[in-house]
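Asker: Feature annotation from Swiss-Prot assigns active site, nucleophile to THR60. The bortezomib binding site annotation in Swiss-Prot covers ALA108 and is backed by similarity to another entry.
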Amino acid sequence: MALASVLERPLSVNRRGFFGLGGRADLLDLGPGSPSDGLSLAAPSWGVPEEPRIEILHGTTTLAFKFRHGVIVAADSRATAGAYIASQTVKKVIEINPYLLGTMAGGAADCSFWERLLARQCRIYELRNKERISVAAASKLLANMVYQYKGMGLSMGTMICGWDKRGPGLYYVDSEGNRISGATFSVGSGSVYAYGVMDRGYSYDLEVEEAYDLARRAIYQATYRDAYSGGSVSLYHVREDGWIRVSSDNVADLHDKYSGSTH
């Protein structure tokens, strides 16, 4: 019998009931050929990996900086899903406890979940040790928690801001477990524009109103240039006696105030 005639015969493994397929022969197409081709049992060739079908683009602008009167925290309120604006009223500053604030940049669900979990861990720490957790310890807790999931698709870039026995504290933590202490940070797609304003106007000796104006101006400039940032500017001030919410200004109103300004 010729070899060609053997290869042309249909494979019996695709009959109804074999391997519990119930007649779905298409489920056992192991190779590049059709199920009736004898070559269908050959190992599949290595091809080009399939590209992700959906690419979610993250966009936001958040900032925080330390100065002699505490820590200023500001953020926009726009949430995007790819090229679509999902919301204009997202609260991107998370109130962890009366002395700690966190910001959201990256995946909204990731940031919200991990910072709310951090709030519970901070409360447990206080109950066990009978004292407030420090800003450094809180940021280290968050970094340790997310590091366990490194490489698993988390998307988070947050700033932990607060006041403890050492004074004002500011740390940047991301989903890779990185943790950095600093005086000024801006995170998000509009951060390059916010940094431009902060680098020019920031000083540790700023007065309170000057610091408020600098934060508003920095977020406004980011929303003006970055399509993924917008909505309103939420402004917080962390002081020795706890944080306060200073204001929430629509960027359209800030445009009337700052457009044409040269500084």
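The chain as shown is numbered from 1 upward.
Just so you know, glycine gets a Cβ as well, placed from its N, Cα and C.
Could you tell me the structural context for the features on the list?
Answerer: Around the Cβ of THR60 (active site, nucleophile), the same chain contributes ALA75, ASP76, ARG78, ALA79, LYS92, MET104, ALA105, GLY106, VAL187, GLY188, SER189, GLY190, TYR228, SER229, each under 8 angstroms and 6 or more positions distant in sequence. Under DSSP, THR60 (active site, nucleophile) is assigned to coil, being neither helix nor strand in the three-state scheme.
Spatially close to ALA108 (bortezomib binding site) yet at least six residues away along the chain are ALA79, VAL90, judged by Cβ distances under 8 angstroms.
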